[in-house]
């Protein structure tokens, strides 16, 4: 349903429009962005989807009042969640992306010629439609590599039911609130493992080591119960509260310390051959995490 | 002058007290912190000095409405600005800190037994007094290592006039607004060089590579005009807008790639022997900077 109203988290302050994001867990921190324009705002069956143009970070995707990705820094998140598992796997052919409706992750994956199939299971088709229209810096716009298959539906159900076995599964989820809550539970990760080949690699975004330490520890605990090798890595994600973001990857076979950095595609804006290794060198206060 | 009023950047929202920080340059981004308590608020001859307790990051120092350091993440900034130049210099004996009124940098320096003299020239004695009282997590509280000498006064004048020659000069400045503006100009850096021994090392905080790219480029240009070796490194500083922070070091003799990482003191919370090296591995979009 398209709507003409403005999102309730927009505020008019001294004749300027501002988008105010409240940190979800403790509600004691807000980031506010001056808004130049609201490209689109609509309610899908799952959430409120807004595409807005901010002065500081350009066009952005906002879901239920939470900043998801911006034109200015979305490339960092997408490069980090994509290249680390692909380089860690020695010979990947097919990849499943769960979530990732902004299409930034599948666009990064398409940089690898060796991949034959890239499946994306996004719950909310409206997110993808709007990002294709209003966020081409992330989505790449309306034309997609032929290896990419959109399968709109529930990722939790998909990994329970599919017969396909993947080399890599990437869990590109929003915060564990609302429709994404199940993407942080043990049953889901057991099914992710079921969907992987025996030498498969999985990765998930595991939230901020500054603010959501309990989420990282819980995710790591679940993954350690199910995989032999579990490694957390970090990157700067300026527009997420706390600034540092963590990702956790898991496999029974492949260790990221053995990755061949020379397979990194040339066209990256954040990652270098050095950083694909050094992102695993955690500061002491993060390596303390269980 | 002590005052009983609350800072004007405090806002009462739904019976909660919030501190709202506006990003200084473009004023299009705000970070807001829920405030538990205002420990102290006073106007010095130079600026408004507030010590506040935030829910998200604990006790914090705020100068003229700009967050300077928090108990939760101040250690990252202080470790980064201190250990990199000290490890880069082969045999440092005396260090000058310009600014650094929260005492976090001198406290880090005191971890090195080989240092004989640590001079700190802070403009605003009130900042130091209040941080000693209300920010012991950063300042270390009222007792200081005997090698630390407080010289309250103008750092710009100090480097113009002093006869002392230092092994290391650290410029631990606030944003280039108000009293700190001169700390970003070429005349100041020429005098910093005058104050260094011929094999001296200097470092400065050079702002955010996301938001203040012009400041980093300008700082690097000035330093390259005056030093043979100029290297920028980065760290996560969650409570600064943009999340990534940069530091730039310069020397005519010492290159950080030759540093002896084994001299790193044991008691660090952010830095590891790997990160003192990998902090110079810049993402592509930062190494693009001139």
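Yeah, the Cβs are placed from backbone N, Cα and C, and that goes for glycine too.
Keep in mind that this is a model prediction, so the values were computed, not measured.
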*Can you match one of A:102, A:119, A:145 to the spermidine site that TrEMBL gives for A:172, A:173, A:174, A:175?*
A:102
*Which residue, out of the binding-site residues A:155, A:174, shows the minimum number of other Cβ atoms inside 10 Å of its Cβ in this structure?*
A:174
*What is the separation, in Å, between the Cα atoms of residue A:47 (S-methyl-5'-thioadenosine binding site) and residue A:173 (spermidine binding site)?*
14
*Judged by the number of other CB atoms within 10 angstroms, which among A:102, A:154, A:172, A:175 is the least packed of the binding-site residues?*
A:154
*Those binding-site residues, out of A:102, A:174, A:175, that come within 10 angstroms of residue A:122 (S-methyl-5'-thioadenosine binding site) at the Cα*: A:102
_Count of other CB atoms lying within 10 Å of the CB belonging to residue A:47 (S-methyl-5'-thioadenosine binding site)_ = 22
